[in-house]
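Report on one structure; see the data block that follows.
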Amino acid sequence: MATKPQDANTTSREAITSKADSPPRPTALIFDSGVGGLSVYQEIRQLLPNLHYIYAFDNVAFPYGEKSGEFIVERVLEIVTAVQQSHPLAIVVIACNTASTVSLPALRERFAFPVVGVVPAIKPAVRLTRNGVVGLLATRATVHASYTLDLIARFATDCKIELLGSSELVEVAETKLHGGVVPLEVLKKILHPWLSMREPPDTIVLGCTHFPLLTEELAQVLPEGTRMVDSGAAIARRTAWLISSQENVISSQDENIAYCMALDEDTDALLPVLQSYGFPKLQKLPI
């Protein structure tokens, strides 16, 4: 029997469910520069398993940690607008700390649907620390963002905050999700400023959504008993509340889908990973 030719802008395997089997669901867009936002998506899906999920990642401009704020704002607006033209969005989650620190005001000004951002979990980390030293591990853009410095000034006046910015760690997380090995020596080199301290942080804020993907490896390198905190669960609760507060939300019977900005060998290799997260199809977003 003949099979339908596959669109050049789409990568997929046999659909997990058909539209007829899927109940109507509000549509949630989860966006990140890379695949780190899948850690946030996991938390949201645990609370809201019946939403229609779209995952979009900017593999053309990745990583955002080294980009200017102006570029990031324009890029995120362009991508969210393109997704909105094809899907009735009920909510957007910017699952990228770097993008959240600069793009939320512009997104909320342009769109009527709620937009949720990810910010470093400094406040809960301050409550958890035992030695009064909290480490913020993030991209350099997030570490130096005025929003981050404001959070520290508001919630961490009684603690010592050690800042460590690393884009290399983002690349390491991407490599792991693509099936690569995480060399512990690389992590030790990245974390050396903390590991060499007489009294290192006992609580670490994972200030990039890629970093929860590396918690097992980080735990092998950091001092025993170090706590790691991220914003995933809090973002999931906020998303659930905003969804439940909406009325007359347009629902979708479409299956979950992932969008990238360019299809290549790397995205082909990533498809099985995305399918394991519940995204049977990966498609190039027309922008």
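The chain as shown is numbered from 1 upward.
Glycine residues also receive a Cβ, built from the backbone N, Cα and C atoms like all the rest.
As recorded in Swiss-Prot:
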type     : residues                                 : note
ACT_SITE : C96                                      : active site, proton donor/acceptor
ACT_SITE : C208                                     : active site, proton donor/acceptor
BINDING  : D32, S33, Y64, G65, N97, T98, T209, H210 : substrate binding site
COMPBIAS : 1-15                                     : compositional bias 'Polar residues'
REGION   : 1-25                                     : region 'Disordered'
**Request:** Starting from the Cβ centroid of D32, S33, Y64, G65, N97, T98, T209, H210, which together make up the recorded substrate site, report each further residue of the same chain whose Cβ lies within 8 Å of that point, ordered by sequence.
**Result:** G34, G36, G37, P63, C96, A99, T139, T142, V170, C208
**Fill in**
Filtered by Cβ under 8 Å and at least 6 apart in sequence, the residues in the chain of Y64 (substrate binding site) near it are S33, D58, I72, C96, T98, A99, T139, A141
**Complete:** Whole-number Å distance separating the Cα atoms of G65 (substrate binding site) and C208 (active site, proton donor/acceptor) is 10
**Asked** Which one of these active-site residues, C96, C208, has the sparsest Cβ neighbourhood, judged by other Cβ atoms within 10 angstroms?
**Response** C96
**Asked** Non-local Cβ contacts of T209 (substrate binding site) (under 8 Å, 6 or more apart, same chain)?
**Response** D32, G36, G37, S39, V40, A95, C96, N97, V118, D230, G232
**Request:** Might you list, by sequence position, any residue in that chain lying six or more from H210 (substrate binding site) with a Cβ less than 8 Å away from its Cβ?
**Result:** G34, V35, G36, S39, L169, V170, A173, E174
**Request:** Using DSSP reduced to three states, classify C208 (active site, proton donor/acceptor) as helix, strand or coil.
**Result:** coil
**Message:** According to DSSP, does T98 (substrate binding site) sit in a helix, a strand, or coil?
**Reply:** helix
**Request:** Could you find out if DSSP has S33 (substrate binding site) as helix, strand or coil?
**Result:** coil
**Message:** Let's check the environment of S33 (substrate binding site): how many other CB atoms sit within 10 Å of its CB?
**Reply:** 31
**Message:** Just to be sure I understand the packing, how many Cβ atoms besides its own are within 10 Å of the Cβ of D32 (substrate binding site)?
**Reply:** 29
